[in-house]
Amino acid sequence: MAAGGGGSYDPLAPAGVPCAFSPDSQAYFALASSDGQLRVWETANNRLHQEYVPSAHLSGTCTCLAWAPARLQAKESHQRKKRKSEVTGTKDQADLLALGTAVGSILLYSTVRGELHSKLTSGGHENRVNCIQWHQDNDCLYSCSDDKYIVEWSTQTCKVKCKWKGDNSSVSSLCISPDGKMLLSAGRTIKLWVLETKEVYRHFTGHATPVSSLRFTTIRPNESQPSDGITGLYFLSGAVHDRLLNVWQVRSENKEKSAVMSFTVTDEPVYVDLTLSENKEEPVKLAVVCRDGQVHLFEHILNGHCKKPLTSNCTIQIATPGKGKKVTPKPIPILAASFCLDKMSLLLVYGNWFQPTIERVALNSKDTHICLERDISNCWAPTVETAITKVKTPVMNSEAKVLVPGIPGHHAPIKLPPAQPKEAENKRKLGSTEATIEERLGAMDLDRKGRKDDLQTNSFAVLLTQGLESNDFEILNKVLQTKNVNLIKRTVLRIPLRVVIPLLQELTKRLQGHPNSAALMIQWLKCVLTIHASYLSTLPDLVEQLGTLYQLMESRVKTFQKLSNLHGKLILLVTQVTASEKSKKMTSPGQKAKLVYEEESSEEESDDEVPEKDSDDNWDEDEDKDSEKDEGVDEDNEEEDEDMEDKEENEEDREVSSEKELNGDSDLDPENESEEE
């Protein structure tokens, strides 16, 4: 996170909270803690100057902040002198501080008046504000958000002047060029915009993770470059979970778009400050605060491409003094660092965010490693033990009637013992009879097996809350493996709202595990979504929080039809296999037949076997007879043909004889006639 701007942060980390030094004089140091409060400290005497708590500091926590530039402050101060009601005549009247929130609104806070100056909401962002940049010449400021848009605001009218889409994903960082005509924006890729036309001038490769800081390192381009005010300038970029800070140069469109050089540090950079180079011979001084609490100092002349990453010239650490041999020095995290006006000293902010220590340290160019011993035992630093001791258990009278269960996360109310009469004192009276041990044991009612202790109605809710806050696997298993639906509903109804999202995340993680546990988690998920639907609908980042769960449910629903078909087929196959196995094992009951057919005896069968041999001979004889019959038939046919021929000849003879008779001729002799007869 660069000074004067805001970036993404992790509230649980020792560093990474939105903070910034006031411009030019660095008289104030502003930081927004994770509890939503804004604190302004005086750097000269390390005294708390102001403290401001926004009305919606719990739901809309501060995500980034930026001081108004000194030039704009002087202009605002001159305008305010005209008012009689605010005749202060000081330049600090317009020390405005812009605060970006998690719900998309921007607050303008006046450190002089100690109250809210104005609020920018209408027509702006719909999601978390990641970075704010003031324009150095006019009354505009620019903001970017997770909703992918960049918004140009007017601080006088508190309205949107222009709004355009900056990237396909969330835009995490902004930076205005020294001449005020260009704007750098970054998500994962870096874009250079022309503010007048809102068009992209150049594209840069960027980082693999979201960019958290952008800073121009030079004011004027080199003399060899075209004098368009932007070509040839260098700027610096740092990203989340990236130990390299890349340096880019604005070149012509046809040239390479990768980084010209890079600086390497020991951990992720959380705060970056630098001194601008006014000419090509002046080196750039860079101070990088890492998440591990160290400060790395670099000094390099930007002149073209450099292949190897550059290491720091000096490293600064702070530790507690080791008093004696038994006491080990402990490191003190450095939270922020900024160069002073002389560029030879450094303002360090270290300790904790509730009571930071601000110190000015002189730089020595000869030392490569500086370790400062500081005692911060006098500074108030809340610990876990002090937080636990502040939780007090309410004491209730035995006659009081409790209408609602106790607050989840606290112990059950402790009832006062019944008031004892004054006679039951420890003092013994002379002459009084003392009860025996047997009588005392009988009065103590040691038989507790028949009795049942009064169960706390909120015990499961308390266990679930403690398990989610401490991430205790055993406690979560004990609670989430409950199969009683009524108990699940009562538990979900009593949990506090702050653990609803962690509970949904835990259920989503368990839904991806074993199928047996997933069936139980569905009951919990159904109760949570049903009971706390109104609360979930008010969350601004609900889509990101429940995106994994939604995709998981969609994938399960898409495969449900196929799984049901497969389930039906498998049931059919298994049923048939089991039925066939059962039928084999079962014995059929004995039944009497209505009709019995008895075949011939075996003796008759043996007699019948002998003719079977003769049947072959008979078969041959039959074949011979058939062949003879066929021959006889052929002979008969031949005889019939001969008879027919004889008949035809006789008819012809008769015709001849009849003709002769008609003619009177007769060739027949008596002898021949007798022969014929």
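Quick reminder: no glycine exception, Cβ is built from N, Cα and C everywhere.
As recorded in Swiss-Prot:
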type	residues	note
COMPBIAS	598-654	compositional bias 'Acidic residues'
COMPBIAS	664-677	compositional bias 'Acidic residues'
CROSSLNK	K308	SUMO2 cross-link
CROSSLNK	K308	SUMO1 cross-link
MOD_RES	S77	phosphoserine
MOD_RES	T320	phosphothreonine
MOD_RES	T393	phosphothreonine
MOD_RES	S398	phosphoserine
MOD_RES	S588	phosphoserine
MOD_RES	S658	phosphoserine
REPEAT	13-51	repeat 'WD 1'
REPEAT	57-119	repeat 'WD 2'
REPEAT	124-163	repeat 'WD 3'
REPEAT	166-205	repeat 'WD 4'
REPEAT	207-258	repeat 'WD 5'
REPEAT	266-308	repeat 'WD 6'
Remote residues contacting the repeat 'WD 3' (124-163) - C-beta distance under 8 A, at least 6 residues beyond either end: 4-8, 63-69, 71-72, 96, 98, 100-106, 108, 118, 169-176, 180, 183, 185, 193, 198, 540-541
Outside the repeat 'WD 1' (13-51), six or more residues from its ends: residues with CB under 8 Å to it: 1, 3-7, 57-58, 60-70, 95, 97, 99, 109, 111, 114, 270-271, 289-291, 293, 333-336, 338, 340-341, 347, 349, 353-354, 356-359
DSSP helix/strand/coil residue counts for the repeat 'WD 6' (266-308): 0 helix, 21 strand, 22 coil
The repeat 'WD 1' (13-51), counted residue by residue under DSSP: helix, strand, coil: 0 helix, 18 strand, 21 coil
Secondary structure composition of the repeat 'WD 3' (124-163) [DSSP: H/G/I, E/B, coil]: 0 helix, 23 strand, 17 coil
Between K308 (SUMO2 cross-link) and T320 (phosphothreonine): CA-CA distance (Å): 35
Rounded mean pLDDT for the residues that make up the repeat 'WD 1' (13-51): 84
